[in-house]
Amino acid sequence: MNGSADAGPRPRKYVFITGGVVSSLGKGILTSSLGALLRARGYRVTAIKIDPYVNVDAGTMRPYEHGEVFVTADGAETDLDIGHYERFLDMDLSRGNNLTTGQVYLSVIQKERRGEYLSQTVQVIPHITDEIKERIRKVAEEQKAEIVVVEVGGTVGDIESLPFLEAIRQFRFDEGEGNTLYLHLTLVPYLETSEEFKTKPTQHSVATLRGVGIQPDILVLRSARPVPEEVRRKVALFTNVRPGHVFSSPTVEHLYEVPLLLEEQGLGRAVERALGLEAVIPNLAFWQEAVRVLKHPERTVKIAIAGKYVKMPDAYLSLLEALRHAGIKNRARVEVKWVDAESLEAADLDEAFRDVSGILVPGGFGVRGIEGKVRAAQYARERKIPYLGICLGLQIAVIEFARNVAGLKGANSTEFDPYTPHPVIDLMPEQLEVEGLGGTMRLGDWPMRIKPGTLLHRLYGKEEVLERHRHRYEVNPLYVDGLERAGLVVSATTPGMRGRGAGLVEAIELKDHPFFLGLQSHPEFKSRPMRPSPPFVGFVEAALAYQERA
């Protein structure tokens with residue numbers, strides 16, 4: 001940590017973030033923002049998300065229920081908050097950064113079956129709580145973190161959270177008061193009728209937290225508007241928290257305002273003080289510039305996302321953030337027009353895409369809306385509108401090209417039509433013997449070898465890159481030569497897969513189009529505010545150019 005070189009190693013610091021009153025207050029953004037403030041002070045920080053559900057991971061959950069499944073470099077299917085952490089901290093995390101009840105109990109049961117508990121009666125305390133603490137410490141050690149920020153999902157009072165709350169309570173006993181900090185995020189509703197903030201729910205939430213042995217050191221009050229100083233003093237008095245340790249987190253227009261807002265109030269210094277750290281002035285220049293561009297863009301461009309889960313934007317969270325990052329890079333605001341892919345099957349496409357300058361088809365599964373996505377890809381190809389296809393979006397582009405350019409009538413994916421006469425998209429051979437769904441796809445970072453002279457090579461500026469993946473199907477290698485003869489450009493492959501010379505098709509594009517790109521990977525998972533994804537930067541740049549021409 002910061003300090004003199006001869007001071008010796010300092011103990012690791014742990015910050016635990018809990019939530020009260022209601023769920024979905026934004027603990028993930030608070031965790032990410034605090035991590036960003038600490039990183040801006042020069043500390044090595046990591047963040048861990050605890051999800052109290054019994055699922056082992058988020059991989060098999062419905063997007064409408066849980067939002068996006070975020071994939072880490074090591075192939076873990078995790079909660080979408082892990083994506084927030086990676087973006088705000090500008091670092092790759094791992095499967096250990098997302099801890100679930102399912103993982104903990106599965107591990108403890110397996111240890112008991114192996115006889116590791118030496119005939120003990122296995123109980124929540126100490127065996128489950130010890131497993132939780134061990135996993136948190138393991139991540140901290142592996143990632144050489146000086147400060148570990150741990151978000152406990154759910155709401156204080158939920159029965160599922162109790163073992164985790166007990167585990168984090170024990171951390172103070174194990175590590176000492178100066179090395180642990182409890183931060184509680186809670187709702188302070190504002191009643192329009194009486195024009196007042198109501199603090200009673202927060203008082204009850206803190207009382208519930210105290211009931212499990214945790215006295216919060218810092219409170220962050222979520223509200224639709226800034227919570228005034230006199231209300232914060234009242235909350236401090238009735239919750240036994242220092243007055244200077246109660247902060248306001250009002251609703252803001254842009255997520256990247258949150259770190260700046262909290263720093264302005266002194267949250268970073270309060271955390272330093274509580275953990276016995278020296279005061280450091282953070283370097284927040286990037287965040288300040290990003291917010292300035294978001295609030296005062298030089299241009300605005302509208303992108304259509306033709307997807308399946310358009311009523312649940314969180315299902316495409318990293319995609320939206322990647323577009324935002326690309327907008328910042330291009331000093332532009334990116335507006336999204338949500339288009340239900342199923343509606344495109346019979347829609348007037350001129351009307352559906354009337355006011356957009358780019359069409360994006362995201363990843364997804366299942367047959368619903370597929371033909372609408374195919375029509376969207378055809379419209380983009382024929383009208384020379386910038387097109388970006390992600391994962392399934394690449395496969396859609398190949399299906400459309402095969403049918404309408406290569407003359408392969410009825411071409412399709414075997415995922416949607418097992419009896420198609422031309423299976424231009426087929427199940428990967430490695431997937432034929434796979435049983436079960438959880439964690440069985442081609443996941444995580446895989447290399448892409450990029451062909452020189454292509455659009456993709458111009459975007460990345462290099463011949464090999466790593467991108468995240470999450471798929472079971474691929475472009476059928478038996479059709480690649482024919483598609484290339486018809487004019488499709490295979491601009492990237494994964495080298496050496498299954499011993500084939502050509503490798504798995506990773507990217508396709510068109511020569512006679514200003515920007516038509518399909519990627520089998522999910523580059524949005526690696527896009528960061530400070531390091532935006534090259535395909536997204538190029539896509540937004542092309543959309544801006546199209547808008548100017550139009």
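These residue numbers are counts, starting from 1, taken along the chain as shown.
Just so it is clear, glycine is given a Cβ too, placed from its N, Cα and C backbone atoms.
Going through K13, K49, K234 against Swiss-Prot, the one listed in the UTP site together with S23, K198, T199, K200, P201, T202, Q203 turns out to be K234. Binding of ATP is attributed by Swiss-Prot to S24, L25, G26, K27, G28, I29, and the same site annotation extends, among D81, D90, D92, to D81. Among the candidates R135, R299, R472, R485, the residue that Swiss-Prot annotates alongside Y64, G364, L392, G393, L394, Q395, E415 as binding L-glutamine is R472. In the predicted model, the domain 'Glutamine amidotransferase type-1' (302-549) shows an average pLDDT of 94. Across the residues the record lists as binding CTP (S23, D158, I159, E160, K198, T199, K200, P201, T202, Q203, K234), the two Cα atoms farthest apart are 31 Å from each other. Taking the C-alpha atom of K198 (CTP binding site) as reference, the shortest distance to any of the binding-site residues Y64, E151, Q395, E415, R472 belongs to E151. Put plainly, the binding-site residues K200, R472 were compared by Cβ crowding within 10 Å, and the winner is R472. Rounded to the nearest whole angstrom, the C-alpha distance between I159 (CTP binding site) and P201 (UTP binding site) is 19. Sequence-distant neighbours of Q395 (L-glutamine binding site) (same chain, 6+ residues apart, CB-CB distance under 8 A): G389, S413, I425, Y473, V475, G518, Q520.
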